[in-house]
Amino acid sequence: MSLSPHVENASIPKGSTPIPKNRNVSSIGKGEFLGSSSSNNSSFRMNHYSNSGQPSVLDSIRRPNLTPTFSYSNGVYMPESHRTSSFNDSYLPYDKNPYAKTTGSMSNKSNMKIKTKKNAINTNTRKSSGLIYTTKVDKELSSIDKVNDPNINGLVCAGKTHLGLYKFSPSDRSIKCVHDFITPNSNTSTRGTTSLLPKLSKRTRQNKFSTIADVKTGFNNYKNCIAVCNNSTAISIYDLNKSSSIDNPLITSLCEHTRSINSFDFNMVESNLIISGGQDSCVKIWDLRSNKSKSSNRSDISINTASDSIRDVKWMPGYNFASKNDQGSSTYGNLKSGYKFASIHDSGYLLKFDLRQPAQYEKKLNAHTGPGLCLNWHPNQEYIATGGRDGKCCLWFVGDNANAAENTVLNYGNSPSLHAPNTSLNNSGSLAFPKLTINTGYPVTKLKFKPAYSSNIYNSLLGISSMGDEAEVRIYSLARKYIPKHVLLSETPSLGLVWWDENLIFNIDKGTRINGWDINKEPTVLENLSKNTTTWRDLDGNGLLSVDQEIGSYEVVEPELQPTSSTTCKKHPGTIKNPKNGNPENQGIIGGIKKGFSHTGLTSFTPERPPTLKAGPTFSTKSLTLASGASSFNSSSASLTSLTPQTENREEIAIEPPCIITLDIPQIFNNIRLTKIAHSRKKNVISESSSMKNSPVEKFKYLARQLKFSYIREHNVSDSADTAYKNDIENIDVVKNATETHGDNTTTTNNNDDGDDDDDDDDDDKIIESHLLKKYNFPENNTWATLMNEKVNNKKSKRNSSSSREFDEKDVRSSISSISASRQSHDRARKIDKNVEAELQEKIQTLVDLISIATHNASVYLSIDDLTNFKIWILIRDSLLWDLKWMTSSQISSDNASNMDANESSDFEAGENLKTGKEFPEEDGAGTSGAESLVEERPQAFRANSDEPSDAEKKPVSKLKEQLKNTEIIPYAQPNEDSDEVLTKLKELQNQRLESRTKMGETVSDDVIIEEDEHEHQEEEQPHDSPTKSAQFHASPIAKSIPILQKREHRKSFIDTFMLHSPNGYNGDTDIGNEDDNISPRFTYNSVSPRSKVSSLQSYATTTSQLETFKKLSSHTAPIIGSPRHAPSRPDSIGREQLSSSLTKKLAKCKKIIADPPWDTKKLIKQLYNQATETGNVVLTVNILFLFQTIYQITEIDIAKDAIAHFLLLLHRYELFGIAADVLKYCPFEDIMGSEGDQSSIRLFCERCGELITNESSKEKLRAEAQQTGNKKIMDKFGYWYCDSCKKKNTSCVLCERPLKKLTMVILPCGHEGHFQCIQEWFLDENEQECPGGCPGVAFI
């Protein structure tokens, strides 16, 4: 097909169509369904062939590549075939196509050849045949409207320098510019190049309209009037009939607005009225009959809406729709159309007014979240469609509540559908929520209802034009809001549209082109959609989208209209009826209101509107002084009756449109995963463990979910208990101190009355002390209980001896001072004891928690057959059990030590009790009750002696309970291979030492030796670990409290024999020689476990004589082993020195074993940690660091933090976010994630000026004032609820009207904000449902 360049003012005959630039012709498919709006440059190609160098017109106005934006929320994807089908060449005749010429002509026109893919055409796609009119002008266009004269097929288009009257011809389908009111005498050309006075036209200044150039035409008697924005604050009225160059077409100018005018509109019923709104937030109403001068600076009615700038204002239309029935033709209209108007504002508010009471708006709706841009009334129902910058088109019911049910569909269809409008709201909800919302995805600047009668609001059509790059006009059916009915494409983005009638619609675009479509000949979007399409839902590929096979329709089945025979249908007044005696030149809107609008034929508004008004917008008083008889009406005037058909509120059955079913791929995969997990749980343990072994990732996830990493959450309860315990102790100390002070005063005064008061105080103290003894279960032999009993006995003796007061005053004072001194010493000791008890109790609770965690982790590893890690945790658990056993035994020994005398008890408690804790009231072995509940899975480790199995049935498990109950039994250690040799060498050395001592005549005192060796022994024992040293010192009270050694001969272990070298113990009266004679190499063998070495150490430290013997022995051997200062070296002692060096090594080895046992928990855990790091066991490494780093300092703190941080990254990688959050929450360290773990900063901006709120100036000012006055409360005034830049406060609470100083606030659907406490009190406590600010609708359900 050969195409010629575009010709100006040419019509489009049948058979050809222009092809828009950058549009491809293809079929519907997967790519088109996903993003069909984007052009593919490879789908077609244009080649220009020209015989001359003159450029083509099409090339000069070539449209740039545009990438339209889409709203994925409405689910509409236009196929490219439908988009390009608007310019189909199958409708217009070819012989009248101005673009096509004969192929043989050699004119200076360029030809174009179009290459398309043969396989790209879908035979099922219906081509467009609706584009009838199109033309291009050389003037910039911004607005379009139709001429409301049925005899003239006219359009009015306006721009900055253009106001033209265009006529279209249905016969030849052409559009021509009849007259340009800016360029005179341009009735034959839209370019305006011809003029009767060319010289004058060159010197004449062209009139330019404002950038917001709106154009409207009048109705009825004023149908020849055209209103445009001549400048930003004036409205110019032109006469269409004055098209010659001699006549001046300007009728008048209306200029009262102080800022730019955004919109104006003619009244369809009262055609002499024109309304305007602008940036000054004022609505002006003008009466053209009273403004016949060339310029009018005063409107008839001015309404200040008390809101922000007005974007659009419209009168309620007054269409007359005729229909036929049994009685003939009837006309349907709306009797309120002469009085009602609405405006939409930058704030998004929609206001509805009544001209008869303009002081108060009828309705105020929060229509949009951003600025509202346009509105349009429904032709015959009280609905308004609004468009905003938020990309939404909303339908609002603005009628009276009593008639709301007439226009509300109760149930739209039998089942909910994604395409069905939401009409289940009640009448009150319709005031606050839109009846329908269409998400367009781009700002809506123009929208118009199809001028056709519709009894069901959802069968109405709505044309929408956008502000963005969408080169199309979409026509939606309200019955199907997700898929438009028609999409009318243009070359460039659309600027405006207008309905000529029910079928014909015109629009203008940025390419200065005027287009007209017949929508009856346009295919619907459903007809061009692919019937079998499945594609990705979005660009990320997170879902599939498919279309159902049932296409559906765009209409709702309407019920049949059955008007009653008694209803009289009268025609709505379509023309202005002037009274006989009325002079139209002298009649304005004020006179019309005073005379009851008798000349207009409108009914009285007195029965409808209440006389009382609320405080609202202000208005001019020019037209509001009404006489008492102002509501009288002319009896001959036509009475208007609502002829809108009344139907019953029956349920309507909707034809459900295609339902979009989205398949969420992540959700499907998640369901598959859950199904697999549920199926895997049914398998046996062997298959599960094998799968864990085969998949390291699954094993890691399982261990991360099942293992316990921290005991902090369980430790919080014990902390609170310890805190309460300490508070109780402090309170009792305060009471006791007060009581003692009072008691001392009463003793000094020696008055009988004071003595009685002292007795009462003593009774109160006794009650308090007895209560505390019962509360904390202190035994009778407890130190604190002993002191309390001693105090009671002293007071009893004091009361008994009070009758005989014949002693000396000096003796009394001395006795009082001694008692007070003893009490002070006891109080100090008691305070130290309680602090130590609290610390030890906390350590015991920590050990109990760690033991339970170790048991749990061992069971987790056992469930997956990981025996290596199972044994590791069992080893850790047993080591912790030994520590727990030692702590509980030290507590029991402290109870027995309390029976010492006063001085020894004080010294002992001050020195040694720093290592003891809170006494247990139970008998021996009862301290393991906490451990019993933690190892229920292995009860054989805690069986009593009676339940102990045989030797064949014994397993190598821990016997904590048995050992705690039988602490008096002293086990013995097994001899080793070096014991015989060591004892033999030791005996030889001692004999040589005695011989040399006899020869040299040395006389060394035993006391001196003991003192020297005690000093050396302390220096050697100092670097040893504290657990072993504490065990040696805390074992001696047990031997004193349990006299088992006196009943039978002491059975010696290897350490007893070797270290003490005396089978019968040491006697203080015997000398060293006697000890040497009692040396025996025999040993007693016992079948106890190697762990009994701890008890051997305890038995070694049970008696003081044994310790002294060992000290003397070491002092005797010191000169020979390695101390040359005690004895001079001799030539014959070289062999003995060599012998003593080997002996010294073996003795040091034995002492090291005693001081650092192999079951030391710190040493053991460090070795396990090193092994885990070397083998790469990440879970075990992190688990050890979490549990034991703060207790045993396994490694450096930086290394521990780095390891935990990497572990958190692993958890995030495998999507274990919940576990990572718990690990980070209970981690004992801070700043694990470094800079990544810092909290996000919140930046607040002023809602008035938009600046960042820092308030540094006010902060410095308040700080300086606080420093000068010394009042720190002044800084409480500082905050971020105000702005230093604009010196204004932020939004106040809607209820208490105080500033919102904190971040916690509540935002209601209407936009109001408030404190959380205020909103909670308003809605929950007072059971309110509306906004506290009085906004209509339900704000809280």
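Yeah, the Cβs are placed from backbone N, Cα and C, and that goes for glycine too.
Of Ser189, Ser329, Ser1133, the one with phosphoserine in Swiss-Prot is Ser1133, while the others lack that note in the record, though it may still apply to them. Checking the ranges 1-39, 79-117 against Swiss-Prot, the region 'Disordered' annotation falls on 1-39.
Among Ser169, Ser1089, the residue that Swiss-Prot annotates as phosphoserine is Ser1089. When Ser695, Ser1026, Ser1080 are compared with the annotations in Swiss-Prot, the one labelled phosphoserine turns out to be Ser1080. Swiss-Prot lists region 'Disordered' for one of the ranges 40-59, 600-619, namely 600-619.
Taking DSSP states H, G and I as helix and E and B as strand, the zinc finger (1293-1335) has 10 helix, 7 strand, 26 coil.
When averaged over the repeat 'WD 6' (489-527), pLDDT in the model lands at 90.
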